[in-house]
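Database features (TrEMBL):
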DOMAIN    2-75  domain 'Aminopeptidase N-like N-terminal'
DOMAIN    111-351  domain 'Peptidase M1 membrane alanine aminopeptidase'
BINDING   His183, His187, Glu218  Zn(2+) binding site
ACT_SITE  Glu184  active site, proton acceptor
SITE      Tyr284  site 'Transition state stabilizer'
DOMAIN    427-734  domain 'ERAP1-like C-terminal'
Amino acid sequence: MLIASQMEPTYARTVYPCFDEPAMKATFNIRIVHDPSYVALSNMPAIDVSEIKDKNGSLWSVTTFNTSLKMSTYLTAFVVCDFDYVSRTERGNKIRIWARKEAVKNGDVDYALNITGPIFSFLEDLLNVSYPLPKTDLVALPDFGAGAMENWGLMTFQESSLMYLPSDKFTSRKAMIAIILSHELGHQAQMLSNFFFLFKWFGNLVTMNWWNDLWLNEGLASYFEYLGATFIEPKISLDKIFYDHVVQPVLREDNEIGVRSLSESEDKIKESFSLLSLFDSITYNKGASVTWMLSGFLTEKLFIRALSSYLKEFSFSNANQDDLWTHIQMVIDSQDEVQLPASIKQIMDSWTCQNGFPVLTLNLTTGTISQEQFLNKKNENSTDPRNNTWIIPISWMRNGSSQPLMWLDKSSKVFPEMQVSESEYDWILLNVNLSGYYRVNYDQLNLKRLAHLLQNDPKALPAVSRFQLIDDSFALTQFGYIQIETALELTKYLAREDELFIWNMVLLNLVPENLESTLKNYEVYPLLKKYLLKRMLPIYRYYASFIHQNVDALEDDYFAQVYLEKLFATACWLGLQDCLNLSSELYAKWMDNPEYKIPFLIRRTVCCYGVAVGSEEAWNFAWEMYNHTDTTKEDKDIMLSAMSCAKESWLLYRYLQYGLSDTLFSSNHTSVIILYVVTKDIGHRMAWEFVTENWPLLRERYGKELLHDVLKVMGRFVNTDVQIQELQVFYNATLEEDERVATTLLLELTKSENLEMRELLIRVASWLQKNVDD
């Protein structure tokens, strides 16, 4: 038994009568009556535990807590559990980490304990604000939908966010813990990724007036979580991780017509958004990206000084974004090193009050830079003229040397310094290290020079700038700003690219996961295979040597832990013999000795290709391991996926049949099995036939959800009207009329997307044909 509360955003009102608004702060006196064999925790330390009897004579414990500080209702919290804890004291703040008894005994929360104190101290020193509570409890909950929550003095976490198994050598896990922890602690006045949850004392000390400025809590905490994480794990490269995990994913989302802005008016939110929908990547990632940009052009020193004065003035009360701008403006006015083209409010409102972001277009011959909102030019409805302009800080370099920051404060402007000479060695790079939240579209002349530079001396561009240059060019292609050939030119140099996070982004663009099963049917596949393998071999061999000799040596290579799987999976998918041999060799080793551990970094790929190149015996072994009692949830999923990799159709058919059986699988796995099989090149027809033959039974179990999921995947294979008709015949017989209409629309849309993809692949193939031997 376990009780844990989650009040944010508006659940406190369901627990006790209150004015449940972030601006109505109060002090709280909490008392909990509970079973004596359990312990009760709340925001403040317990000051008394007494006993009472109820009318049946049963004995109960009453735990009374000290009066809380003045705070918002959404931060009140309680947990009643029979957990154990480990503790230490840092600067008078008693830190306890609570978890299941066996986890505490095994040392699973020791890493979290060791870094929580230092993160608090780092934040206190950085912001010059003291943590106001005498204790902090962090509780690892076996099941917690919110992931982590910064209740003041009683933070709650999903177990995996707080536990680092001593046997788990890899940094990526530590990094995730540190980041989540910093985030939550940072709220307290704001593991790695999880520990920077500790950054949340911002939100607790100074809370937004209302939820429309939620980004002040979450965006600032998300920014600090990365600073905190790299403070705790200095081997991690802050700018690479921040760009890869925060900026790039949100740039891919923040470009649809209907996406909201970072700060909306209260009325608009009450009309058109639910509060829960505000807890999204716009709030967290765009908030952090815009903060990163702000800190960049102000300098970190001035930014921290302003933040510190803002926290002091509004401690224990509420603020909105204008209050933050006022404090930053005060700091700017008191010095003369940093000069801005407008007030901080005018600059920042252009980023927080408008939706989307700009794309800058640079013409090197004239030195002109213009801006427009980045929208999909292929969509009819996005061609309306939108007059949004931003006040944009432009960091730039010319021929490898950094230049003074420039500002673009209107729709276009001439910068004479940016006109270049005839020499092909004269090049310009904007938005160095992604210091600004925008994309850049260069003219052909500069792109040619940059592509040339990459081939001759890739390290002349910082790694984050290489990433950004290629990522921008694929995004510009996708949205109709430039042709695919332009983006492909930038990939020629890749044999000299040794950064995995860059390779990962390239592979996600060239071999997107939803295309893996269909690409093999196109003429582009053999060309892509030749072109990519030639460039992948150096980095593949570098990492394969670690897998062969000493995989533990990669324990500090953060990106290897996150992205090596994609590199290896692509190498095997492209049929690289060494990759296939390595997979079957490691898998055979495991079959000989089930105690052997396949290297965690490539386990999914090894199991998939181990089954694919193996015989029935290899498949049966995967089945046996799946059913093993001490197989973890994650490993079970790896086995479910691996069994769908079989190359013999009868094995796949048998697997689908197993999936129907109540005795072999819990019923919620049948749909997982079908979805794994349907994405495989030989599996998709079989899975579809299986679904149609067994529909009455499947429908009874899963309802229509399953059909929607299967149709989404089947859609990838739909290229002709005949194929659409075949699908239609089936669901005309099975769906209600309104659903039929929706599904037909979905298929029509998919068909047109597939035709577009086909045309694109024909162009890619003809470009590869010309360049495959370069």
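Glycine too: its Cβ is placed from the backbone N, Cα and C atoms.
Automatic, uncurated: that is what TrEMBL annotation is.
Between Glu218 (Zn(2+) binding site) and Tyr284 (site 'Transition state stabilizer'), the C-alpha separation comes to 5 Å. All protein chains considered, the CB of Glu218 (Zn(2+) binding site) has 26 other CB atoms within 10 Å. Mean model confidence of the domain 'Aminopeptidase N-like N-terminal' (2-75) amounts to 96 (pLDDT, 0 to 100 scale). As a summary of secondary structure, the domain 'Aminopeptidase N-like N-terminal' (2-75) carries 6 helix, 27 strand, 41 coil according to DSSP. In this view, Tyr284 (site 'Transition state stabilizer') is surrounded by 22 other Cβ atoms within 10 Å of its Cβ, with every protein chain counted.
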